[in-house]
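The active site, charge relay system annotation in TrEMBL covers Asp191, His231, Ser409. Taken from TrEMBL, the feature domain 'Peptidase S8/S53' applies to 183-455. Summarising the annotation, TrEMBL assigns signal peptide to 1-22.
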Amino acid sequence: MVASSIKWLILVVASGALSVLAAAPAAGQGTVRRHLVYFRDKAGTPFTVAQPQAFLSARSLARRSRQGIAVLPRDLPVSPAYVAQVRGVAGKVTVHYTSRWFNAAVVSCDSVTLARVTALAPVRSASTLNRSFQAHTPAPAPAQVPPPAARTAAASRAQYGSAYRQNEQIGALAMHDAGFRGEGMQIAVFDAGFPGVDKISALQPLFQDKRLVGTRNFVDGGTNVFTRNSHGTNCLSTMAGNQPGFYIGSAPKATFHLCITEDTNSEHPIEEANWLAAAEYADSVGVDIISSSLGYTTFDRPSKSYTYADMNGRTAISSRAATMAARVGILVVNAAGNEGDDPWRYISAPADADSIISVGAVDSLGNRANFSSFGPTADGRIKPTLAAMGQAAAVLSPNGSAFRGNGTSYACPVLAGMVAGFWQANPTLTAQQVIAALRATASLSTAPNNNLGYGIPNFVTAHNAVNPTKPLQPNSQPPADGLGLYPNPTDNGTLTLVLPEALRGQPLRVRIIDGRGALVTQQQLPAATGSEVALRLGLLAKGAYTCEVSAGTTRRTARFVQE
């Protein structure tokens, strides 16, 4: 986290925090800033709701049609005549983009010129979005580094590498086994940059299969997104990674749009306006899901900062934009925030928006991560909505190597990928019905709270609730008589034991034995009533081990690898 603002919702393990550039000096009237200019109406627009194909793609219209959503006047583009008037005022005005939903335009000009703009008859008001505009110098492209050699273990979980547990926890393995890997689903990722995406081996299937179909840079302009901060690369990898034996994401066959909306050099409301523009772009091209690991509370200019009272889903620009995206049938998945152990404590915008999935973070055992932001919203709604693994989550860096990081930033795309597969498997559901199905079957559905919302969802549980006559089986069924365990290999100090019937109902003794036959550690566990038991390993040296579990006179063993 940078200062008190939520630049991106991530806490990287063993890394230092990035710093914000010093604030610009007090600006005079000649300083060029960005502003959001609101128009009074859409009079004179050549567009009509009767001919939406003039401004929305066939895919966008099909998404609406499937969900019974009509094209309304809010969807009409801003009047070109009004935009022309803004461009024509005395002084230099640059119109960067317009907003259909807000009936507004983002422009750059100085304060004198802005006064002329706001004096125009079609203009209702204007709001300054940043202190001054600074051009960004792109960072050099990262060197291409080969990923670690692929593992050749026969077990299917080895195919997922370090991403195994975050996928298994939400039922994504079973989802993939059932044939739902995101095929045909379009996901827009909003973030701060995607360097290395065009070079990482595990992401090359995106290009080989032509599944990266759109890129937009709303910070610098243009379509180059393989630049700036690598946070977006990390987040994208948790969904799109697809190198069996090394790393597989939660939606390895989905189609993606990548949008840079976040400027890591500073924190101003312009980034929320960028989020709005990206959401309207996503709508227009027919995106199904937005995955956003961004959030906003305070800004470099204190007068623009929010308070907790503003976290009501109706105040922040990004929250209003997220709600509008939901109203046109897009399923928005947004990180809840990393303020759980900071004074702010609560969720950020746009996680406070209604009708979206706000994602909290848990560890591999399903325990809430200390940093995960709490609810409720300021108007009393339960938040976060759902939770996924965001503590010690496995992600890819721009050079193609895997590492573990902390943040609701990672929980968000992990879950968004599962949402894509679930919607793919149940295409007749609306976006809101998908959210309802996941909430109704998640781990805390009967007693939701403001720590983890409705809890951890599971593809199999939700799918079977929607399809009771065609149930799927979890991929981690306990073996008939043997001891199972996962993740294997493990590198986070935990294992989940999958117990046969013979080991249930009695106190357990667990012994960990190294490759030389020496006892490394042992512990007692209470009697298990279910098939799975969490086991904390503590610190183990890298190598192969045997896990021996005894209950009375019954003993079973299984081997695992500590990385």
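Backbone N, Cα and C atoms are what each Cβ position is placed from, and that goes for glycine too.
Those TrEMBL annotations? Automatic predictions, nothing curated.
Note that the structure is a prediction, hence the values are computed from the model and not measured.
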Tell me which of the active-site residues Asp191, His231, Ser409 sits in the most Cβ-dense spot, judged by other Cβ atoms within 10 Å.
Ser409
Taking just the CA atoms, what is the gap between Asp191 (active site, charge relay system) and His231 (active site, charge relay system) in Å?
7
Expressed to the nearest Å, what is the distance separating Ser409 (active site, charge relay system) and His231 (active site, charge relay system) at their Cα atoms?
9
Give me the mean pLDDT over the domain 'Peptidase S8/S53' (183-455), rounded to a whole number.
97
